[in-house]
């Protein structure tokens, strides 16, 4: 982009009649100028507290490093977070921010900038809400999974300050998406939820995380292919933008109402399916063990009978 | 407002003042004096009346401004922040060292200890009195283990004992575990662990078990569970003139008050005892090849190292601090002058450059009276 502008400016400047155009072009070039590759001693000033602007080389290195690192060690949530930040630009985080701006609730969220941390939600109050409310469903999901709300790592590598908040909001609402869909925190559930999030928010990290399905067991992969991926794509594409849900205001609302309004239908309960499969496997193993024991017992009685007959004949 | 305080809570290394001002300060680095003396001249310290030969800047003052990387903080705050940095890097410290220097730090440390040659006696007859080596900022034990090996095995002198000291409990605990795993029993017996602040070795104590009970969340860190040594709980101290060799490797740039640490070193050393310091320094860039190497080194330091820290150790800020602290450390000549100022004598230049000046070994001797 810069090179084209420079060449155009040089060509235009040769013609004295277009000097004013050349001046305008030079001004535009200077304005649009961002150092292609800056040294960290001359890193541009941050746009918000904690902001670390990255050069393209650093960005590429983090895409590869954080992507591979989080694929091979899914417990490194910080690498997943960084991966989401460095792949969010260009285009995708701006599209999400524009989707927020296009909705009145989204605009209110961007103005209020609410934050969800480990201490911002009053869990006992949510537990006291009536059955079937969003807040109660959320706490029930937390209890079922045995997790508590985390303070998510702050966004550091998104250059635009508003887009940094949009990504932060997405990160903090992730547990609410879990509660909305009922998916558990096991790897299978997370991959299914990421597929849903990709279809809905179009963030590259969510889409690329679906490749983590390759690390699932064969039965899990089959389930994902047959049930959860179609569910995720169908619901993610059909549903309204979940980023625009003002969760703090929706806590006392009926969760089915919210699901209907958004256009999300919960998938088959994954924990139940897994439990049933485990039960079947265990029963099969027990049956096999019983059959083996019976066969061994039969064999031993047969050999004992032979030995007795041999002894008797002697 | 909530967002900002939430950012700060999640990232405790954020400065109190906006980051932009500290980055602007980065451009003033060459013109500022690299150690914390320039700003305290106007505030006389009442305790300086105790010993008129000790200048003001060599007395630790918790509220005196100093540098933490490219930021300006008080000495007390620097101590806390450095403690946090090293508590968080302790587990991955050795792996990160290998990644950052491509394993070359091992060569530096081997050369450092070989050039000191502890336990060596030229006449073949070991000295009568046991030799005492104090390894300051010993951390995970790289130098202490090499000192023990050279003295006990290479020089065959079992009368050498090493005291490993560090202000940071987490690092010292990692060192203790490594010693239990790697060292033979005779060398383990000659090694002791002490928590101390190098600026005041009269207060020290044996290593306290770490980490604290994880039933309390990190948000509720109380004073008794600090990752670093609190002098209020001192139970002993290092006496005057009790150390034959004082070593500090890659630690002194993290001290809040370097002149105070140098004077403490002089106090604990016996007359004729040696002060040896291995530390990052300024690349010799007078030669064009050196200037090119310096540019590459800076790019590697400031771009790749925080990135590796993020990917491997999940901690960009600690490694950003580490490379900034390297940039802020005085040059070879300036540090040699500080060593002379503290009362040591040096031989020749007083330092030896390693890898073109990336690191340097400074040696001084406490003069015999």
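For all residues, glycine too, the Cβ spot is worked out from N, Cα and C.
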Handout entry: S-adenosyl-L-methionine site partner of B:140, B:197, B:198 (as recorded in TrEMBL), chosen from B:110, B:159, B:166
Key = B:166
Exercise for the section: Rounding to the nearest whole angstrom, report the longest C-alpha distance spanning B:140, B:166, B:197, B:198, listed for S-adenosyl-L-methionine. Expected result: 16
Exercise for the section: Out of B:166, B:197, give me whichever of these binding-site residues has the highest number of other Cβ atoms within 10 Å. Expected result: B:166
Practice task
Write out the long-range same-chain contacts of residue B:140 (S-adenosyl-L-methionine binding site), meaning residues 6 or more apart in sequence whose Cβ is under 8 Å from its Cβ.
Solution key: B:90, B:93, B:94, B:171, B:174, B:175, B:178
Practice task
Please report the number of other Cβ atoms within 10 Å of the Cβ of residue B:198 (S-adenosyl-L-methionine binding site).
Solution key: 27
